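Here is the structure we will look at, set down as structure tokens.
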Amino acid sequence: MKNVLSIQSHVIYGHAGNSAAVFPMQRLGVNVWPLNTVQLSNHMQYGHWAGSAIDAAKMEQLVDGIAAIGALKRCDAVLSGFLGSPAQARAAVEIVRTVKATNPNAWYFCDPAMGQTGGIRPEPGVEEFIVAELPELADGMAPNHSELQKLAGQRIETVAEAVAACRSIIRRSPQVILVKHLHDRNSPADRFNMLVVTETEAWIGQRPLYAFPRHPVGVGDLTSAIFVARRLRGDSVRAAFEHTLAAVHAVVKATYDARRYELELVAAQDEIARPSEWFGAWVTGAD
């Protein structure tokens, strides 16, 4: 069984960060080692919360503890999400380097949370660090539309521009870019676009866009988690993308139908593993 070290925020109540990522990856047959960068009572969109961030040095100490018992060599991948400070971002880099030094076959997938995530905004300097440092280290990245623009340093309005932006990042090191949400001026307003790009291929997929009165938090974290889990299970990029598109839709639809604010992960767990509605992905020739 594959093992992934997941470095993200955590909420006790609800689903955001690791609270949105751990269970879906486990449901897909992957062992998850959660390292929580932030421990909160709930996500901040509620307007009231309690909690704090973990000290960056403690992040490295925790991973050193795993290494001390000889288990770090069994880590197959690292997934990072919300990093609250430049110090946490630097610690994440050192952790990835340690994992890769211990297991040269391990890979790193970066969800570059640069904006407000669940109401949490990173400290000044995090965005600049992510843009400057993480693409050279990552084997894959999962930006949303805004984050893709920041990573590529350009405005993006079409699929063609998005593919070109992804390829510019791939030239820095990552082998795959998953765009979790792509705004395309040519797409219908009631569709949610996702895109995945490699050096030589690109696929786009669409699912229905639901009009929530309050949009649930954690959808992006869920998206990255499912994609990583499917890749760890041996899926091709396209197969992992199509499964992710279908499974995330199933969770979002279950949440919408139940009129909930928090993602219905447990209720939709069978759909995460075996989605009943598939949307497929088609090759985009945009260069």
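Don't overthink the numbers, they just go from 1 along the chain as shown.
Even glycines carry a Cβ here, placed using N, Cα and C.
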Would you identify which residue of Lys100, Lys180 Swiss-Prot lists as part of the ATP site it also attributes to Asp111, Ala142, Glu147?
Lys180
Which candidate from Ser9, Ser85, Ser173 does Swiss-Prot annotate alongside Met44, Gln45, Asp221 at the substrate binding site?
Ser9
Any idea what the Cα distance is from Glu147 (ATP binding site) over to Gln45 (substrate binding site), rounded to a whole Å?
20
Could you check which of the binding-site residues Ser9, Met44, Gln45, Asp221 is the closest Cα neighbour of Asp111 (ATP binding site)?
Asp221
Maximum Cα-Cα separation (Å), residues Ser9, Met44, Gln45, Asp221 listed as binding substrate:
16
Between Gln45 (substrate binding site) and Ala142 (ATP binding site), how many Å separate their Cα atoms?
22
